[in-house]
Structures are given as structure tokens and as C-alpha cells.
């Protein structure tokens, strides 16, 4: 208060009448405070506290969120006092009760609207944004002001505002929710003693029994320390005392803060930290009875009435805790008797109180007797819209789940900007108070979300991305499915309030399901779809129909179904919550619970590589039928609820007439999409593929998914049907692999977001209150579906193990259940609490999917040795089954471990022809040669190649994700034959990084390119220019008549030298000068002596065979003569002009061979194999060739000397 200035203004007494009020009083003095310490006049907002039923200074000193946010936003703070409270009392305190008719919420809001308008004009900030803050009744006023005066209040923060706690709501407000929440606060779930609630239930009965007799009343008055003036004189006094005592528990639950607080006592006293726990300590001893029980009941209530500093000697049940609280409570009683008519009841079962149903007539009579007014029970709902406020904007509703008022609060998002923040550890608008070191985490998180009602979606998505970065590595390292990680993180983030705009996130996450169904369609060619027909339309129909009928039957007849009776009798469920009230409800529940989760199951099976198994196909078929079956439910449900169908006495023909137009439109539209889409999509993808733009291709993939979904939605089908159909259409094209690789990152991310938002949608408050019912429904759902699916599956060809695994894998609820339940909620088919309860059960069952799948797998393995009914399979059937398994394994290996050809130009086609050669088929490489798959990015070439019988797909094979999308897991070899220099190098580098042990062979344009490829990780490099030069040289020499053996030897030696030079260049690739050289500037000159030495190949071969003596059989003179003739120009060389294949040629060959043999004979070192990294050669004859060269040079010199001597002679 010291930082604020107090002001008073003449406020209009009656804003809604032109008549002069009684006594000629047309205005009253309204108090308000202005706090400008942090205000930035230029652009700073106004934070306006919407005062409620107490002195405004209470809120000024307690609303810490406003003060702490003002410094951040540069806001001006205004605290306005509600008329009739504090110092703002028309007619003065003495005459006030004579003129209570002007105490209404409409008049109070008009006061505030008038004040805000005047102050903005006075301060010259007409354009400043105004955000309303309020807690409890003040929060209700803030939200209602945003509805009525949106031009004055730009947004509202409404803490603990039970705007849905009135009569006339649909579904109706649970008038017993307040008592149930108070009971939970007194239980171990909220940290209280376990014996507290049981003792409380017995204490009321003991008090009522004592009130029946005079002796009992005297004893009770003494034991409970009642003042003499408040001693019990009759049974009615005992009932009044019980009301007084129960009020203490109500207030303690509201003020169940984690630290001592004066707020609930209007600043007139201090309650201890967690006062509910403190009160329960007086009832903590189990099975209290008699005087001890009543004494404990009184002492517990004394935590509130005998608060710190009071030290009361006795209790007066006719008085409140202090005078100010009494007056405020009194005036609120008048408001309750007029427009704030909130029903309260106790059923004596779910709470710790006695049975006390809401008495409408008695309440009206009491108001008439006390205030002379008749309540308007449904006026609040009529005036402010109740639950139909989704057209509003910029309102944040916060609710602490320890606060008993949250049962009538907004607990879910209503639109993009009307959002709910749940605070599991928060009591009555604790989030609006000052920060405290003892604040629980959920309160801290809630405060962080509130200053701006319109937090951008980007922050929520950033939160999700951060969670993804943490979740995926953590759960994968623990070998836990990331699906479960996403669910858990969503639950945690939702409860901590870190998601501000979950409705937008949910819309975005729905795209993940669309992409999942699209990818599922990509895996289904028409042939496979036809193969799944038995599972989809046979097993899928049977299991879904039986499951839906069983769940429907458990809810019928309405109000007395078997499921209802079980929940009520054995789990003490409220009949209102557990009862199915109509056939429509039973149909919706049966249909929703019969569905399983495509998102969870397909993700899980893909991670385990089980989609290709028999039970995987059965599972996929069932899910496919369920996705299709959702359509008629979504179409029929609105028609049924609108009264167009199922009217009494309606004939079958009239029913068909009602369905006919919709059915025809749907079938016709789907036919057009299937037939026309196949041709159109192919052409569009071919056009974009020819453009060679990665960005455009990705954009087309996204457009296909979303566009197809919108088309089917317009036809009255589900969005997922469109994405699935689009995937099926593309499954028959060559673009499937590239499309799947491009959408996979989007699918994974958005599907993860779907799981996160699913976890965040859990209503924790309802779960904690009704956990026994939730567990019962969860177990029932899973058990029933396992029994039904496991019993039916064997009739469709699945063995026992496959049936068990399929049953467990599909025993959860599905994401389409959310769609059905949401639609049913919009159409008011299901009660809201039942709807939210079913969503909780479905979410929890989905979270259990990984555990159920693992348990089903282990259980199935344990039954593997059990004999099947009928004696099991015959030997012939077992042999056939084994053959099928073997063939499936071979096909799987062909898909997962082929030779991959990257690029399908002329060279790629040559490689493919060799791999598919009939010669290889005959040599044992398989009936179809060596399995391979080729990739190219030229659509026309791919089409022609496929027509010619090649296995070619559209895709960028330099991306490992594309190869994985094609099913390649462990390639036997990778042949990179791209013509573009940079693309080939980057492809080799990417493939080597992903498959470090796979052999990589590449074609190089020149020696420098070959060096780059070797440096990038290629094992074998074939240089195009070198090979072409060798072939050309071979042709020239052969045309000139050179001996073929010698030409081959020269070519082999040159090839070795080229390889050595490439290796040397590769080692120097790190040098900038080497890596940036122009290939045309490289000059390669071979060593002619080494070329000559290559003619020693035959001798080398003899050495390698170990026949050294044969290799050395030539005479030294012959060797010398041959060498001399070669040095002189090759007069006696093989195939030379001096004699063709004469003696001179043969002797020279023998001389060099002998020299090589001698050299090799002197060394005789082991011959190593060529390692994968490419270092070394296949045969280590280098030393032999080098020594043979030395011998040849020496022999040449001796031959020249001899010739000189002969000439001289």
C-alpha cells in the first residue's frame, strides 16, 4: 500500500435504470488504488484487479502476480473495490441492508468499466491495453467483463473462477464436487493422515446420535468445548454445529497453502502451512471412538476458528472467525440468494460428510426468509453463457487441484486463446499470490504462463522440441519405446503448465497421425492391400463388431447396465458418473472403445521390424478396417443426434432414404479420388521430379498429405482416410521410396507431438478423484479386448502365438476414440465427466501399449510348446510352413542386403546387367542372380528401365534415409556411378559414414577425382579416363600387331601405377594446394623401365606357383642380348619389325622372365590380401619387378659391351 495512492470517486449507483434510486441517492463513494512504481507510460499496459467480496486492501497486499509482472511489463496497477464491501458502501453501513438491491455483479462490472474509461482519459493513455486480474468471484467477474466489455478489457487472468458451477449447465454441474475435493484434501493423496477421512465420517454420525438425547448433548457440549451460550439444546443444534464445523473444513481446503497465510481469514489471523494436514493430525489415530472422536473433530475445526493468536477457551458455533469475515460472508449470502445461486450437495458416499442432497425448494425458502428475495437459479448461465463461451478470446483460467472450487472451473482449453492452466499442487488462486520459496513446481510454472493471455505457439513448440531432444536419447538408451517417453513428457509438461496453447499444438499434432497413415498407405501396394483383405474385412470386422457389441451391452439397459452395476457396487462409483443414460451413449462408448491405436501400434511395430510378419499383417489389417469403420460413425452420429434417424416407427426405406444421398456422395467422391488421383499424382510427381528441386519435391509430398486429407474431409470422410488413400496411390509408383524418406522426419516429429499432447490432455484432477473407477475401466477394457481378439484370430489363420501377440498389441484404446468422444461431447451425447473419464482410460491404455506388447510376446513364447487343439500341424504342413519361412527369409535378405547401384546411366545399367547375368544364376548366386536395387532421379529413364525389367526406383541414393526407406539395412556393396564430380564424392562420404563396413565402389572422372573418392571412403575406384586410355592404347597396339600378352602386361602395369598415383594424391587431399588443383594440369608419365619389367608377369606367376627353377632357366647371355636389342630400339622385341615372334623375341622374354624369377626367388615373401581400405595390391610382386628391372639394366649394359667387342673383333 505504501507504493500506491488511494483515490475515491463518485460511482453511479444504478447503471441500468433512469429512475432515481430510493432516497435520491444517485452515486456512492468507490475506493480504488493506483500504483505507478513500474509504469512505463509510453506503451505500458494497465493491470486492473477486479475486486470481489472483501476489502480491496486484502487483494492489493496479496496479488503478487500483478506486482511481479508489473516490473517486467512496465504496467500501471489499479485495484478497484467492489461495491458494498470494504469502504465502498452505498447509503453507509447503518442503512446498507435496507438497500441491498444494487448489489449485483452487473452493477459492479459497470462500475469497473466506467472507472477504466475515466482513468485512461485522465491519464492520456486511451490506447493502453488493459488486462483484468481476479481470483475466485473476482476471477469470475474478470472473465465476464471480457465477455461483456471486450472493448474495455483486452484480456483476463481468472484464478479459481468457478463460472461453470451453476444450474442450467449441460452436462449439469456436479453439485457434490466441492465436498469430494475437500475430502481428497483430507486424504493421503494430499499429504494428510490416512485415518482422517474415516474418522470424520464416523464423527458426524456420533455427533448426530449425541444430539438425539439430552445426555448425549450435554456430553458432546463438554467434550467439544462449546461455550455455555452455544451448548446443544436440541437435535437441530447438533445439525447447526455440524454445518459450522464442516465450514471450517471448506475454508481450510481453500487455504491449503504450502506456507502460513492470512489470506483466508481476511488478514485477521494466520493459518498454518497446509492447514488441512494440521487439522487432520487431531484425527490421525485410527478408529477413534466416543469422546475422543468428538474431541478430535472440534480440535480439528479449531485450526480455523481458533487460529493463531486467538487462544479461545470455548467455541461458539453461531459466530465466524472474525467480524469482517462474518459481514463479507453475510453479504455474499445475499448475492448467492439472487444471481450467484450455486448448488451444493453431499452424497455421504464419496466424501467425508453426511448425506445432504441439494434442496432447491428449501434453499429458495431460506432466501425468502432471510433476505426477502427469490433466487433466479439459472440466471448466471443465461447471462454469461455457461459452457458456451468458446467464441470469447484472451482469457486464461487457472485452477489449483487442491482448491474445492475447481470442480466448477474451466479445466480444458475452449479455443486458441481461451485456455486452462491446471495446478496440481495449488489451493485457492495460489498462483495469483506473491512468489514464495515454498511454492510447489506447478505453481511456479503456472505463474510463468499467465502475464500474456496470448502466448505464441512458437514457445510451446520450442518446449516440445526441447523435450524431444531429452526424451529420445534418454528412452532409447534405456531401451524404452520413445512413444512412452513422449507420453510421459506430455503429462509432465501439461501438469507443470509449460504448454500455454495446447489447442494449437493439438491441431499441429493431428498432422502426425495423417503422416503416419500416409506412410502406412505407401507400404501398401494394391497387391498387398488385396492380400490384407482377409485380415481387414474378415478379422478386422469380426473383432471390432464383437468388441463394440460387448461394450454396448455392458451399458444397457440405460441406467442399469452390467458395467454400471459393477462400478457402483464394487467401486462405489457415483450413479451419475457410471450410468449410461441412453442407447446413443452406449453406441458411442462401444464404438470408441472398440478402436485401437494405429499411431502407437504401427510406431512400435516399425521399431521392432515386425510389420512384415504374419501377425504384423493381421494387426495392420485390423487397424486398417478400424480406420475405415470410423467413417460411418462420424457420418451417422450427427444425423442421429439431430433427430434425422432412429425416430420411433421409422421404416427401413426411410432410413435408407436419409442415408442414401450421403452414402452416394461419399462413394462417388472416393472413387474419383482413387481413379483420378492415380493418374494425376503420377504426372504431377513426374513434372516436379524432372525439375530436380529437393525443396519442391518435399513441398509436393506435404501438399499431397494435407490436400488429400482435406478432400476426403469435404466428402464426409475422415481426414486420415485421405492421407491413407494418397499413400496407397503413390505406393504403385517409383517415387514411393523418395517420398517416404522425405516425409519421415516430419512424420516422426509431428507424431511425437501427437503423443505429447495426448499425455498433456490427461485430466489429473479427475484421475486422482476417481482413480478406483479409472483402474477398473482400464483393466476391463484391456481384458475384454484381449479375450475377444485372441479368441477370434485363430479362425482367420493365425496360430496361438500370433493370436496372443495380436490381441495384446491391440488391447488399448485408439486415437480415433478421441475423435468420436470429442464429437459426442460437441453433440452433448455423453456427460462431460464420463467423456473425460473415458479419455483418461484410453490415454492410460495407450501408454501401456509397449508393456502390453512385450508381455504378449513373452506370454506367447511360453505357449509355444503347448499342443494346439486338434493335435497340431501335420508333418507336411510343418514342412510347407518351413519352406514359406525360408522363402520369406530369402526375400527379406534380398530386400535388406542387396547391391545398391547409385545412378542408372549407361554404367549403372552395365553393372545391373552383370549382376543379373544368367552366368551368375548358374554359378550359385541365386535363381535371380545377385540381388540389387538401383536408384536414379530421371523419371523417364526410370520408366523405361522398369519396362525393360530392371529393379530401379526414384530416389537420391546419396541419402542413407532413402535407402532405408527402400528396405536396405545391410547392403552387400554400394556402387556409386554418378557423373557429377561433387555429387559422387558427397555420396561416398555419406554412405561410408552410415555403413562403415560396407564395400563402396565408385567411378571417377579422372585421377584427381579418384583421389577425392578414395579420401571420402571408397574401397575401389575405377578411373574413367585411365581405363579409356588403356582400352584405346590396347586397341592401337593390337592393331599394330603387338603380342597380346605383352600388351596386357603393359596395361596392367600402367593400371598399377595409376592406382599408386591415386593413392598418393588421396593421402595429400588434406593439403589445400593438392585439393584445389585443376585435373587438366596433372601430368602423368609412366616409368618405361617399369613398363618393360611388367613383361616379367609369366615369371612372376611361376614364382607365385613356387617354380623358381623354371623361371631361371634362361641363360644370362640370352638375357643380355635381348636387353641390348630393346635398348637399341626394340629390333628384336616381341612382335617387332625385326622378326615377329622369332628367336630374338622369345629369348628376350625369357631373359626378363628369368631376371624376374631370380629376383623373386631371392625375396620369397608372403603374398598378403588387399585390405578393405585399399592400401596395398592384390599380389606383392613389386619387389620382384623392381629387382628384375635392375637385372635388366645390368644385362643391357653387358650386351652393349659385348656387341662393341664383337664389332671391334
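Cβ atoms here come from the backbone N, Cα and C positions, even for glycine.
Values in this document were obtained by computation on a predicted structure and should not be read as measured data.
The transmembrane segment annotation in TrEMBL falls on one of the ranges 388-410, 411-433, 503-525, 618-640, namely 618-640. It is 697-715, from the ranges 678-696, 697-715, 716-734, 868-886, that TrEMBL records as transmembrane segment. The feature transmembrane segment, as given by TrEMBL for the ranges 652-676, 902-926, 927-951, sits at 652-676.
When the ranges 354-373, 434-453, 454-473 are checked against TrEMBL, the one recorded as transmembrane segment is 454-473. Range annotated as transmembrane segment by TrEMBL, chosen from 300-319, 320-339, 480-499: 480-499. The stretch that TrEMBL tags with transmembrane segment, taken from the ranges 586-606, 964-984, 985-1005, is 586-606.
Recorded stretches compared: 536-556, 586-606, 774-796, 808-825; the one with the most Cβ pairs under 8 Å to the transmembrane segment (837-856) is 808-825. Among residues of the same chain six or more beyond the transmembrane segment (808-825), those with a C-beta under 8 A of the stretch's C-beta atoms are 513, 543, 588, 591-593, 595-601, 604-605, 615, 619, 622-623, 626-627, 630, 633-634, 637-638, 718, 720, 754, 758, 761, 781-782, 785-786, 789, 832, 835, 838-839, 841-843, 845-846, 848-849, 852-853, 855-857, 859. Taken together, the residues of the domain 'RCK N-terminal' (896-1023) have an average pLDDT of 85. Broken down by DSSP into helix, strand and coil, the domain 'RCK N-terminal' (896-1023) contains 55 helix, 25 strand, 48 coil.
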